[in-house]
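Please see the structure below; I have some questions.
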Amino acid sequence: MRTIDDLQVAGHRVLVRSDLNVPLDRSGDTPRITDDGRVRASVPTIAALLDRGARVIVTSHLGRPKGEPDPRYSLEPVAARLGELLGRPVAFAGDGTGDIAGAHAREVVAGLGDGEVALLENLRFSPGETSKDAVTRASFADALAALAEFYVGDAFGAVHRAHASVADVPKRLPHAAGRLVLTELDVLRRLSADPARPYAVVLGGSKVSDKLGVIRALLPKVDALLVGGGMCFTFLAALGHGVGGSLLEAEMIDTCKALLAEGGDRIVLPTDVVVADRFAADAQTAVVPADGIGDGWLGLDIGPASTALFAGRLDGAATVFWNGPMGVFELAPFAAGTRGVAKAIAAGDGFSVVGGGDSAAAVRTLGIPEDAFSHISTGGGASLEYLEGKTLPGLAALDV
């Protein structure tokens, strides 16, 4: 896989596929970025290219617009923040239409000098970006490729998507992997190939079905698999416990039974949970044993004894991978489990990886220093699919 060090970019136009898919608060007059982690992660690649005299064209998606312009998902606020982080202006090439690589974008790109940068509008404003139709996708990829002379793939959070800007444009231009993609790959290789032991994996989130592939891939390799979040209730049901009104995938109970039989005492489940009479910040709550959830009660967090149990199993771990919150951390009464587990991971001396998505958001929301972890990934789904051993279209396109 080539790197940007292998490209002679001075004076040339370079299309960089970054992942600037950040959360925006639109409650005020001006949209505000609430977590700029992905923007910050994109800077090393863009800055390195600019320092070498490249004319950089940054591309990204934001949210899930339906293949047409939607001002709620414009990248214009991101252009401003990217410029602040780079210490130089970022020309925004959006014109309010879905013609992402059209006449206006070509005009902005033509005006770039060496060491200057532009940001195109949200790629998903064009139906060609995510189309299942190869001809439609190819047409959009052709338009993007026509803007540049080189391509750099740096959107690790999107490499599992067979989208035009990720998997098709690299087939049309000399290409290389960006700094972020290379860093993410190095981290994931440390997690999957001969990790330092003891090796602990913490999985949370809503559904067992979403994490089944990574559970099956990692279970033979780990010394402890700690299960929290909504998915733990299907495991508890597999033990024969009632789970009240908690999230339950009934069709996954037999699968969980088989996993528990395979994993034995390496699979660690909560011993107590925080329950509520309804899904709300002001709900009535209680801490109950994991086998004592009453009818009509919802499990929304692991309990204090479980948090201590998980922290104990994390103590002394040489490698830790965490993906998925322990509870509904966005609501204060149900944040303690996620906070406690995050702090336990942060306090360790081993190699610790936060697996992107909601876990990364939890670290920032709960005010835990990011530098307390060895790495905070920008790719939730991409990380999981890599660890499952799947072929990721965006990586395959760069590796040729």
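Every residue gets a Cβ built from N, Cα and C, even glycine.
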Asp19, Leu20, Asn21, Arg38, His61, Leu62, Gly63, Arg64, Arg161 bind substrate according to Swiss-Prot; which of Arg124, Arg190, Arg197 goes with them?
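Record check against Swiss-Prot: substrate site with Asp19, Leu20, Asn21, Arg38, His61, Leu62, Gly63, Arg64, Arg161, extra candidate from Arg124, Arg190, Arg197 is Arg124.
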Only counting partners 6 or more residues apart, tell me which same-chain residues put their Cβ under 8 Å from the Cβ of Lys211 (ATP binding site).
Leu203, Gly205, Met231, Asn323, Gly324, Leu384
Are there any residues in the same chain, six or more apart in sequence, whose C-beta is under 8 angstroms from the C-beta of Arg124 (substrate binding site), and if so which?
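Those within reach of Arg124 (substrate binding site), by Cβ under 8 Å and sequence separation of 6 or more, are His61, Leu62, Gly63, Arg64, Pro65, Gly67, Tyr73, Thr130.
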Given a 10 Å Cβ-Cβ cut-off, pick out the one of the binding-site residues Asp19, Glu330, Asp358 that has the most other Cβ atoms nearby.
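Answer by Cβ density within 10 Å: Asp19.
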Non-local Cβ contacts of Gly299 (ATP binding site) (under 8 Å, 6 or more apart, same chain)?
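The list for Gly299 (ATP binding site) reads Gly230, Cys232, Phe233, Val243, Gly244, Ser246, Leu247, Val273, Val274, Val275, Ile293, given in order along the sequence.
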Any idea which of the binding-site residues Asn21, Ser359 has the thinnest Cβ neighbourhood at 10 Å?
Asn21
Among the binding-site residues listed here (Gly63, Gly356, Gly357), identify the one with the smallest other-Cβ count within 10 Å.
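Each of the binding-site residues Gly63, Gly356, Gly357 was scored by Cβ atoms within 10 Å; lowest is Gly63.
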What is the set of residues, excluding Asp19, Leu20, Asn21, Arg38, His61, Leu62, Gly63, Arg64, Arg124, Arg161, whose C-beta falls within 8 angstroms of the centroid of the C-beta atoms at the substrate site?
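So the additional residues around the site are Ser60, Asn122, Leu123, Gly157, Ala158.
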